[in-house]
Every structure is written in structure tokens, then in C-alpha cells.
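Reviewing the structure listed below.
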Amino acid sequence: MPNPNTADYLVNPNFRTSKGGSLSPTPEAFNDTRVAAPATLRMMGKQSGPRNDQQQAPLMPPADIKQGKEQAAQRQNDASRPNGAVELRQFHRRSLGDWEFLETVGAGSMGKVKLVKHRQTKEICVIKIVNRASKAYLHKQHSLPSPKNESEILERQKRLEKEIARDKRTVREASLGQILYHPHICRLFEMCTMSNHFYMLFEYVSGGQLLDYIIQHGSLKEHHARKFARGIASALQYLHANNIVHRDLKIENIMISSSGEIKIIDFGLSNIFDYRKQLHTFCGSLYFAAPELLKAQPYTGPEVDIWSFGIVLYVLVCGKVPFDDENSSILHEKIKKGKVDYPSHLSIEVISLLTRMIVVDPLRRATLKNVVEHPWMNRGYDFKAPSYVPNRVPLTPEMIDSQVLKEMYRLEFIDDIEDTRRSLIRLVTEKEYIQLSQEYWDKLSNAKGLSSSLNNNYLNSTAQQTLIQNHITSNPSQSGYNEPDSNFEDPTLAYHPLLSIYHLVSEMVARKLAKLQRRQALALQAQAQQRQQQQQVALGTKVALNNNSPDIMTKMRSPQKEVVPNPGIFQVPAIGTSGTSNNTNTSNKPPLHVMVPPKLTIPEQAHTSPTSRKSSDIHTELNGVLKSTPVPVSGEYQQRSASPVVGEHQEKNTIGGIFRRISQSGQSQHPTRQQEPLPEREPPTYMSKSNEISIKVPKSHSRTISDYIPSARRYPSYVPNSVDVKQKPAKNTTIAPPIRSVSQKQNSDLPALPQNAELIVQKQRQKLLQENLDKLQINDNDNNNVNAVVDGINNDNSDHYLSVPKGRKLHPSARAKSVGHARRESLKFTRPPIPAALPPSDMTNDNGFLGEANKERYNPVSSNFSTVPEDSTTYSNDTNNRLTSVYSQELTEKQILEEASKAPPGSMPSIDYPKSMFLKGFFSVQTTSSKPLPIVRHNIISVLTRMNIDFKEVKGGFICVQQRPSIETAAVPVITTTGVGLDSGKAMDLQNSLDSQLSSSYHSTASSASRNSSIKRQGSYKRGQNNIPLTPLATNTHQRNSSIPMSPNYGNQSNGTSGELSSMSLDYVQQQDDILTTSRAQNINNVNGQTEQTNTSGIKERPPIKFEIHIVKVRIVGLAGVHFKKVSGNTWLYKELASYILKELNL
């Protein structure tokens, strides 16, 4: 930063101030070829000594020396004339410290406001740049001739004092902003004084001005205006309790945050008031100024804020100001008379409040206490608007802190520390203050349940010291000490301005100290963890070096190299294992580096629910010793990976993370590549003969790993001719660290989990399954299927959401790329709440991923030719029938809300992540509803189910596909409905009406071929790879496909729409091209994947109608809306279908 005493932001560095106070060029200017140069290093404060012109390179192209002399002489002549002042250009700063200036968001006569961004933290704030008035005036005076007489000198001195007063107001605004701490007051973090400007760093309020909001929306409903009014009243209570008056309260100075809360800004006209004195400064905006200001009458302070508050409230509920006229004189008279017209739509209560606030006589005007306690302000609330004043205690001379006084001096609240100390002692020893303090402690003692009253020596008692400490640290909203009381005057609130400033500064110092202590504690904790990690690494290295086995050295060297540079991996110290194992020889084996998961409970996924786990829950204390006896553990936990938060943080800070992301697309070409060890991960289970997997693996399927697979954990795939999972290891083989290849081969030499891991996990699974079975009342046959699911989950390569526990940890390479570039699959699969966690019976067969390798069929879910078992259709239809029966039930709204309340967080993504919109007039009565979101969601699912529309629930809504029968309906069985409430006749009427809308020319061969080629061109932009599944097969359990197959070929592809659903998502959820990726719309019913327009019976197929239903939350008005969006298909049919769905929804 430049030094204000040595550097000014002038254009030409050759001009220096002469002794007479005027600017004149130095002789060096005549020898310098640079006539006008930008700011040099000396101006920027980077060069303190005299500049050597001959050694410094020119900053501009050289000019003619003769011309430079003439220009310099001309400037010297201009300086001698009164109107020939030298014009000085200001230096325009582009950054301040680590804050980079982005854009100007506001400007005025005093300065401008710029949006800034921190280089390291990327935090967004705003900087208010205010001109230093006195410095600008002095610069201007330097260019003028010297005063000629004494009167001119006095006039200039008076003007200078006026400019200095302006700077004092700016400094006062900055000082008050730094000590104020209230949720409805915009924070001021720091102020920096430069040579010509003041820079004030403010909190960024992204919602805009309340003025813009009123212009856009007009007058507000009273319950919305009440929310804003309570925020304003809360902020004014805080200010007035600290002897601060705003004096410029208006809708332009009230901001709205992104969460809908108000923030008061612009304390440039604020001042400190005293109830014993009066103020004489008349300031404010004309429309919101109190009549006593226009009449130039002295005032105390709070009453002018009450008047302005009343005008603001009137604007909120009426959409206009109460006093308005083009002529300012007439406007003055209207304000002084105070006659207000109230519209007829206002309630009696709000009119009653406004008529008490907008009163010309300040003595008859309502106080802030009356406003806060008014019935209109508290309608719909159980409490009055809080002031958020922290708990305070009356001061004594012994409690005055020198550190607080120094901070007050630094902020320029006081001029002398010792004088202020004496003033404070005089105030706290006044008889009135001591009496109020005694009453305060008596009242507090009664509130705390203490029988004895406090005497004058209460501070010397240990019990009373404890009382003071507990009172200060308690919640102000619970203590009730600062509630207004007509019979009691609180000595800690607005007793004297000096005491109030002392309390505010003391609280600011306490906040800074607490923040510093937290930072120091985090730093010490990080250092301790780093030392512990270094000790663990050193111990592991020592053990490895002392071992003579070359196999162990080879297997241990790679993970240790990965552990050293990564401070985020914490491992348990290596401890020798017991020699009781029958399968391993531990006499010459190094100890295992195994991680124990901090919790075996299974919380919700961090990336699928807003209520994600805290990092403190992830980095809990690790257990110490693991028994070496291998225990049979479910393969589900063989590849437990770290939390997505931890993994993402580590990948951002490691070169390996960059290469890992780059190499995601090519992993399938390197089946033997190893990956670095995982933080907080359980190693794979040691597979021995004594702990065989209880599930048979009759089939195997090779699955490649892609960056588009949203697996939270990757199960080992079973590749043909790979290592047998039951194979017994060699007698002297060692337990190597986990090795994960891209093909996910099973390794027989893997360490075991803790002995109690399976027990706890199985108990939790049984508990979850039992709750779901009790809720849905599944029969004994379904119970057998569920048990088979639990046993067979080890062989499941797809990530079934209905059986995945909450909050599973993610490997860093398996996480989504970023929040802004999230994979669409990871944003889709969540658990529908009403069939709470129904395990589909098709999971036992894996529905294709464990099918025979020689039976290849087109699998729309994985968008490739994967193996699908022949009986996959049976399971899918059974699951869909179950879901149909559940959502077809006529449930009451109360039952729906009860089911929704029992659902875990993130299980209803369509309403957990609704899109908020402010567009007025965008929705109609038909597309909006005042019903709760769970009821709207249930109605949508019920209607789609009754209409046999395949759908998938994703974040923010539903993705739907309407499969239509072919033209020649006589050759194909008629589609029947399985839903309850929509009979066959009604379904056929809808079907016939939709069929009649479609002309036969639309289904001509030429049109189909053209459409097919168009879809293929879209698929060329797909950011995926062939043979890479886009979604886990578990998506079938979240879709509706209750249609009876039209043909044997179609029956084998009952899940055909799943592929289309997996390729689409809502636009605002993801940022990829997800309209149609291939020509799968034409070959859904084609077993061999051939792109044909006719099925095996020669019947022409009609392209399906694909559309999205967005669930939108309309802000302010509190309504839920639905928004339809067509993806593909006939537009006229889509319009008719959407209209029919809206009619059935009956929102």
C-alpha cells in the first residue's frame, strides 16, 4: 500500500509541492522526455528513495524534447493564473490487498461501491470507496493562488473545517459499522484509509434493494410486510439500545438477502444520541424525513427513526409513499401537516399502527416499544421481535478494561484513553447508576431463583461471579433481561453513549478473541495430526525396512509413497497382530495398516441431501488395534471409501487428483493400474476358505468403471476366468495392502475387517428391513425375497438405492466432478418415501449385470449391450405392480404428510430440491397449489401411475416417458391399466383421443428416418463412452412401467424406457447435453439393437413422448407450482397429455 505521506496518485511524477503551497514543475521536467506518464513505483509506495530518472526505462514512447519544454513552460504559465489550475487525474485502483475489484454496483456524489472477490478464499464482498473530502480540498487549494487578505483566509479555513467534518462522518460510519453486530444490519468488516480515498469492506447482500423489490412486485401482502417490518424493528431496537440513531431510514437503504431477510445499510448520517441532550443536525431524505427536521426543531433521535419506519411500512403495504408532490414546497407542507390517506384494502390493525407512527407531534408519536408490542407486529408469531442485544452486566470501576479503551481510541471514538477512563469511572459511580445496578441484580437474582439479594460487594463473591459469567454467556432470547419494562430502567441499555460504545467495543473484542482462539486451536490440532502422521509413517517405514521379505517390500512400498505427501490420510499405528490365524503366518509378516471406520452407523449421503454430515463426524477418533483373525464380511464393505467432502478437498490440493480426473475416461484400457490408498477406508475382506461368501456367483460380467457412474462405492466385479473367490491362498503368502484395478478383480490376499463389523451392519440392515416390512405389510413370500436381497447384495455391481445405507463414504475418484458440473446420475437416485425402502425382488438376480456372457441384449439402463437375464422382465413387472398398488391407494392428506414426515432426508428429491422462482404472472391457478409439497408430489405420482406413464423421480421433479401403441392396434393386445381410480374405459378414451390427433403421415418411413438421423447427430455430442453404463440398474425400481407387453419381443424389454430416462435430467440440475444421446428412441423394442422403425410383426412404432415435470416453489406467495417441459415427441400429443395431467392433478 502506498504511504499517504510520501505518495500521491498524480499523473506526472515530476510535479512536486513547492514551499509556497502551489504546484510547479521541477527542472528535471525539462530534461525528461516523458511528458505524461502513468503512476510510477514511487506513487504506489514501492520506492521510498529518490528516483533515478536515467536508470529507469521510459514508460511511454519518447517525445520531442523541444515540444516537451514548450508544454512545461505553458503549464508553468497556467499555474500562475487563478483559473489555470493544473488538472490532476486520479489513480484508479483495480485491487486492494487480496481483494480484486470486479465491477461497480453503485455510484453517488460521495463515491462508489464495487464488487470484490478474494484471491484465495474466493469470497465475495463489496467495497465502498469514499473520497477523502479534506484531501481533495487541499489538492484543489494547492493549485490556487495564495489568499490576498484575512477574510479570504478565514473563508478557506471555514471550508476546510466543513470538509474535515465530512471525513469525520465517514470515519464515524466505518467505526460504528465495525462494532455493530446484528442479523438485520449489514456487516462492515474492515476500513482502509489511503491517500485519497477511504475503502470500507462490507458484507455482500445479494438480493438487491427493497426499492427494486417494491417496484417489481408492487404492494406486499400484510403477512409478508410484517416479516420485513419485524426485521426493521429488531435492528432499530438494537441501535437505540446502544444510543445510536440512523437518521436516514428509507427503502433505498434496506437490502434483501438471498434468504429473504432484510439488511439495513448506509450509516453515513447516523449519530450517537443521549436522552439528556438534543441533536441539531437536520438531515435525511425528504420523503422519509420527520416534520421536526423540516421545521429545524431540536430532537432527541429515536423519534425521527420511528417516523421513517412508519413511512417505510406504509410503502410496503400500499406500494407508494404517503406524501408526494412535484413541487418541493408543497411536499414540505404536506409532510408538516401529516395528513395521510389509507387505502381501503388495509386491515384495521395496520391502520392503527400507522396512525400511531406517522404523527407530526414527536411527543405523541409511538415509541419503539409501542411498535414492537403492537398486535399487528406479532400476529402469527409467538414472540416479539428480538433486539439481539447480548447479555450485559452493569459496570464497576474495577471492570473497565484498558484493552477495550485502546480499541475505542483506535476506532476514533475517543481522543484520550485516560480521560475516557475517568469519565467512565465517574459514570459508573453515580448514585443513579448504582441504584439501577442494584435493581438489576435483584431482578436477575429473582429470575435465577436466588433467595438472597445482592449487596454492594456482590462482585467479590464467588457465587455472584458465577452468576455473572453464566448470565453473560446465556442466550439473550432466553434470559429476558433486556425486555422492555415500564417499571424498570436497564443500566446496560442506552444509559449513556459512552457506556454503550464501551459495551459494543468490548463485545467486538470478545468476538475477535474467540475467533483467534478457534484459529489457534485448529492450527494446533493440524500440527498435532501432522506430527502423529509423521510418526506413523516413520514407524511403518522402519518396520518395512527391517523386514527381509521382498514380496512385502514390493507391496508396501507403493502405498507408503502415496501416504507421505497427503496430510488428509490418518492411519492407526501399526501394531503386531496375533498369530492365531490359520491362513497367515504372522511370525515374519509386518503389521497391517488398516483403518477402522469411525462410525458403523450409516448416515445419509452427503451429496444427495442438504442435511449432510459434518466434517467433525467424519474425522472422529480412530480405534487402535485390529484383530488379525479374518472374519466373513459382506462384500459391500470391501471397498469403503472416504467422505466426498474429504475426497474433494484432497483432490483439489494434489497433483494426483488432477491426473485421476483426467484418466477417468481411459481407465478401462488399463485393467491392472493401481490406485492410491483411500482416506478413512476399510480394506477389502480377506478371502479364505474359512470365510467363504455365502452367496453363489453363478454368472460373471465385466464392467468398466466410468466417471459417469454415480457409484458411492464400487463393488468388485467378477470377471470370467478371474481369481476364484473361494480360492485358498498360499500358506506363506502375506497380506498386502488393498489393490484396486479398473476391472475390480477379487484379490485373495486382502486384510480383514474388524470382527464386530458384520454384526453391527447386519443388525442395522435387519432393523431397516423390519421397519419397512412392518410399514408395507409384505407377506411371507416377499420376506423371503428381501432376505435374498440382503444375502445377495455382495454380488450386486449396480448401486441399488433402495438398499444402500445412508451416508456411505465415497472414494475421491468416484465422486462427482464438482457442484457446478455434477453428474446427472448422482443427482437422480434417491429413495421414494411412501414405499419407504421396499427392496425389489429383481435385485436378487441383478437384472442383467450378472447374466450369462453369451446372452447379450440391449440394456437401455446402461446404454450398451450388457447381459440381461431372461427372467428380468418378471421381476421388473412385479416391482412395478407393487409400486402401483402403493401409489394408487386413496390416501388422505394427513396420511400423506405423515408418510412424508417419516421419510429420511433426501428420499424425496423432487421436493427436497425445488426450483425457486420469483416470476410474477408465470404461473396460473391451474399450475399452482397451496397444498404442501408432499401432497403435490403424491398426486403427481398417482396420476402418472394411473395413466401408465413411465417416470423417474429426480432432483426437482420427474422425467416421464409416454409409450404409445403402434398404429395397427388390432395386431397388438390393448394396453390395460393397473391403477386404481382410472377405469379401462377412461383410459381408452384418453388413448383414442390421443391417437386421433396423430396423422398417418407423421409415421411415414421418410419422417421416421429423418428423425432417426437427427437423433443420431445429437448423439455425436455425448460426453460418454461406449460400453459404459450411465446409470446403475437400480433405476428400474424408481420408474413406472406397468404396461402389459405388446409383443414377446417387447415383453423381454419391459424396462426399455429406463435407458431413455437415464439419459435425461432437469436442465437446472445438471449442465450436460441430456436431450437424446443415441437413437435409442427407435430401438427400445428391438432386441438386437438394430435401428429399425418396425418390430418383428411389421408394425410401425410410434415414437414415445418424453417430457419433464418440474416442481417449482414460488417465493413470497408461498405456493407450489408445476412446470412441464417437452423433451421429444409429437408436440400436439404432448400438449394434450400435459393438459390431461393438469386436469387430473386438480391443483
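Backbone N, Cα and C atoms are what each Cβ position is placed from, and that goes for glycine too.
Packing around SER109 (ATP binding site) is summarised by its Cβ count: 5 other Cβ atoms lie within 10 angstroms of its Cβ, all protein chains included. The secondary structure of SER109 (ATP binding site), as reduced to three states from DSSP, is coil rather than helix or strand. Annotation source Swiss-Prot lists ATP binding site at VAL105, GLY106, ALA107, GLY108, SER109, MET110, GLY111, LYS112, VAL113, LYS128, citing sequence analysis.
Per Swiss-Prot, compositional bias 'Polar residues' is recorded for 14-25 (among others).
The compositional bias 'Polar residues' annotation in Swiss-Prot covers 1023-1061 (among others).
Swiss-Prot lists 1098-1147 with the feature domain 'KA1'.
Look at Swiss-Prot and you will find SER22 (among others) tagged as phosphoserine, backed by a large-scale study or a structure entry.
The phosphoserine annotation in Swiss-Prot covers SER146 (among others), and the record cites a large-scale study or a structure entry as its basis. Secondary structure at SER146 (phosphoserine), taken from DSSP and collapsed to helix, strand or coil, is coil.
Among the features that Swiss-Prot reports, phosphoserine is placed at SER549 (among others), with the record citing a large-scale study or a structure entry.
If you look up Swiss-Prot, you'll see SER609 (among others) marked as phosphoserine.
According to Swiss-Prot, the phosphoserine annotation covers SER888 (among others).
According to Swiss-Prot, the region 'Disordered' annotation covers 1-83 (among others).
Annotation source Swiss-Prot lists region 'Disordered' at 572-591 (among others).
The annotation region 'Disordered' is assigned in Swiss-Prot to 629-687 (among others).
Taken from Swiss-Prot, the feature region 'Disordered' covers 730-749 (among others).
Taken from Swiss-Prot, the feature region 'Disordered' covers 860-882 (among others).
Taken from Swiss-Prot, the feature region 'Disordered' covers 1001-1061 (among others).
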The domain 'KA1' (1098-1147) - residue tally per DSSP class, helix then strand then coil: 15 helix, 21 strand, 14 coil
Site with most surrounding Cβ atoms, counting all protein chains shown within 10 Å, from the binding-site residues VAL105, ALA107, VAL113: VAL113
Listed recorded positions (GLY111, SER146), ranked by Cβ neighbours within 10 Å, top entry: GLY111
Cα separation, SER146 (phosphoserine) to GLY111 (ATP binding site) (Å, whole number): 29
Rounded to the nearest Å - Cα separation of SER146 (phosphoserine) and VAL105 (ATP binding site): 40
Pairwise Cα distance maximum in Å, ATP-binding residues per record: VAL105, GLY106, ALA107, GLY108, SER109, MET110, GLY111, LYS112, VAL113, LYS128: 14
